[in-house]
């Protein structure tokens, strides 16, 4: 089940609120300019499925999102616990970073924890299959796929080169719960 935990930066061990109803999650994130939506992930794909196979399986949704948002590139993160580079890939997302463009993730299998650092709050969004999250350019965030990843997410960007992050240098991400905590 998707959830949203909202923390003040001064209390990373105790959320101010925890939401589990889709409408409440979407409304709370919308107040911060974050789109959270449900899109049916009707084709079953397993973590480890190739990028080409995932995009082909979801071509209609990809085309719709690319047109709707004016996105220039699409890729897929598809990992299971047996992936040989899982620790390296996980580490690349765990530090707080920003993008100069919007980032959209459509979860078609598994789950991941998307943390958004906005002003004095951290919005920890547990995303699962059927969840779509759109993070505006410049929003500080980090992502945790867990020690034993199990996820397939389609990612879209305005930048034709795809995922390009700028680290903030803030160690805040290390203070907050991880996916497996």
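Note: Cβ is positioned from N, Cα and C throughout, glycine not excepted.
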Same Fe(2+) site per Swiss-Prot - residue from 21, 117, 141 joining 97, 99, 103: 141
Spatial neighbours of residue 96 (site 'May play a role in metal incorporation in vivo') among the recorded positions 102, 103, 105, 141 [C-alpha, 10 Å]: 141
Ni(2+) site, defined by 97, 99, 103, 141: further same-chain residues with Cβ within 8 Å of the Cβ centre: 98, 135, 139, 140, 165
Pairwise CA distance, residue 102 (site 'May play a role in transmitting local conformational changes') versus residue 141 (Ni(2+) binding site), rounded so that it is a whole Å: 12
Mapped DSSP class for residue 105 (site 'Important to generate the dianion'), helix or strand or coil: strand
Per-residue Cβ crowding (10 Å cut-off), top of recorded positions 97, 99, 105, 141: 141
